[in-house]
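Visitor: Quick one: this structure, given as structure tokens, is what I'll be asking you about.
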């Protein structure tokens, strides 16, 4: 059954241990779910293989992108606005691959940093509710920025090529810097509101869960860039 704790002052108990609120409180749903933590056999048997494939794939992509950027920078004949746009797209992929590799290898069970968790006698990890978890929140904020920036640069690449093909009168220098600014700065228009919503309404765990529809703040931007 789901439970709530009524404090002596008549308020419902929150998660943070404060005096609570007469109308809002924390509801414990833990008894409504299977707490055995048993992982399906198929997942257990192949998890390590999937992890290796994941790491090899991202590492190969990261190495190839670094080589591509080195070639673009080393040869002066390749220095032009078009290839600079390509380089920024490559950098966005590098950023995304790096953050994904760090998350996969530094996070415990893909949940949080070791400092954010406590281990019980059964060997299961639980969130330490006595700390702020600011490190993993900052990490996931950067993760979502890399995701937004990557999709934005894919959009910028398409917009730039479209402009080269279909615009007859076109100031390349002026628009070039607009593209650069749009690619790296526009994600903040979606990321900052999401951060505010998380701090005010969903400031728990590592911001890697989505209990409400707040994630549509940045997911809608990603979908719009794809469409």
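Glycine is treated like the rest: Cβ placed from N, Cα and C.
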Visitor: Any idea which of 52-75, 76-99, 100-123 is down as transmembrane segment in TrEMBL?
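Guide: That would be 52-75, per the transmembrane segment entry in TrEMBL.
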Visitor: If TrEMBL is the reference, give me the range from 176-201, 202-227 marked as transmembrane segment.
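Guide: From TrEMBL, the annotated transmembrane segment range turns out to be 176-201.
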Visitor: For the domain 'G-protein coupled receptors family 2 profile 2' (50-227), what is the mean per-residue pLDDT, to the nearest integer?
Guide: 86
